[in-house]
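TrEMBL has this to say about the protein:
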TRANSMEM  21-41  transmembrane segment
TRANSMEM  93-119  transmembrane segment
TRANSMEM  144-171  transmembrane segment
TRANSMEM  183-203  transmembrane segment
DOMAIN    191-318  domain 'Fatty acid hydroxylase'
TRANSMEM  248-270  transmembrane segment
Amino acid sequence: MTATKTKKVPSEGAPVFFIMLRNTLIGLVSTVATTLMGAAAKGDWLIMLVYLRGKDGPDKALPSFLAPSANGTAEHSVLDQFLEGYGMKHLHLFILMGITGSFVIYYPVGGFWHWYYYIRKRHQAEEWKCQPNKFLTKDNEAHAVMLGSFNMVLGGTLSGTIACYIVNGGYSRLYFSLWDYSIVYTVLSTIFVFLLNEFTIYWSHRIMHLPVLYKKIHKWHHRYIQPTAFTASAMHPFEFLLNQCIMAAPMFIFPLYAGSYVGVLLWTYYYGMRDHSGIISVSPWPWQQDTLFHDDHHLYFHVNFGMNTKFIDMMYGTVRRTDREYSEDIYYGFGREKTESKAQ
């Protein structure tokens, strides 16, 4: 989540190699931190735990400081015996870990980005901000934090439940060894789930912009016309849970390598967080739009519905055009022809 509008010229005499190395390390740390923040906002960082440790069962999946010992307390034993009878051993600990971990990851990272750009560099907004002359009001900032926090509790609970279910041997189509299916299948299925994810996000998002659903549900998210990282998870709880279910669905439908699924999730959450940051950033990938694309969605409302690529918007004609007029009461993604006075 780094601004790319301007670049500082290396100081005279500074070794170019070390300047490049420093910038590379800063970019790497920024990418990892933003990715973790995005995963924490949805609670899906637990899916990474499933991938790394979950194939060995619920006891191995939990960190040692959380997992009850073999001679655990009677309270743990009775509760775990009850939960194990339903194939959900340690459910309460997975949910606790999901919720607590999300807050511990999300707010320190988000707080740093907010301080660095929105406080420290506020007077230089024209250098880094998508909408340099407009900022969220204090009321909207507080609203985004409170609503996002509530949704993180929901996300941590849902993801903790799904993670617990899978590591207890529950049904899923995830496989953990690359050799369970051919490499060709793994590569093609990864591309497929990425495209499937993009199509479902596009259409679920576009449907949310139908007048009835927008006014009742999606408008909760669009009160933040100048998005920040804290607005990424600030939406109607129903929409938040719907998005979670859409993202989780592939691992129950067709065979999918767990590493590929985690990769697609992290990619989506990284760019979802970046696109809501309000910070100018140009993507190095030809299919991935720049942050201005989604920032324009908040500014112009019913346009630019895609998350990871603008190609689907281009396919359906819902990319913002400079010769069209857009506003909150112009629905369906096509805008309308500008009047002569506005065109001038």
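Glycine too: its Cβ is placed from the backbone N, Cα and C atoms.
With respect to Cβ pairs under 8 Å, the transmembrane segment (144-171) is most closely packed against 93-119, considering the stretches 93-119, 183-203, 248-270.
Note on the domain 'Fatty acid hydroxylase' (191-318): its mean pLDDT in the predicted model is 93.
Remote same-chain partners of the transmembrane segment (183-203), defined as residues 6 or more beyond its termini with a Cβ less than 8 Å from a stretch Cβ, comprise 243, 246-247, 250, 254-257, 260-261, 263-264, 267-268, 305-309, 312-313.
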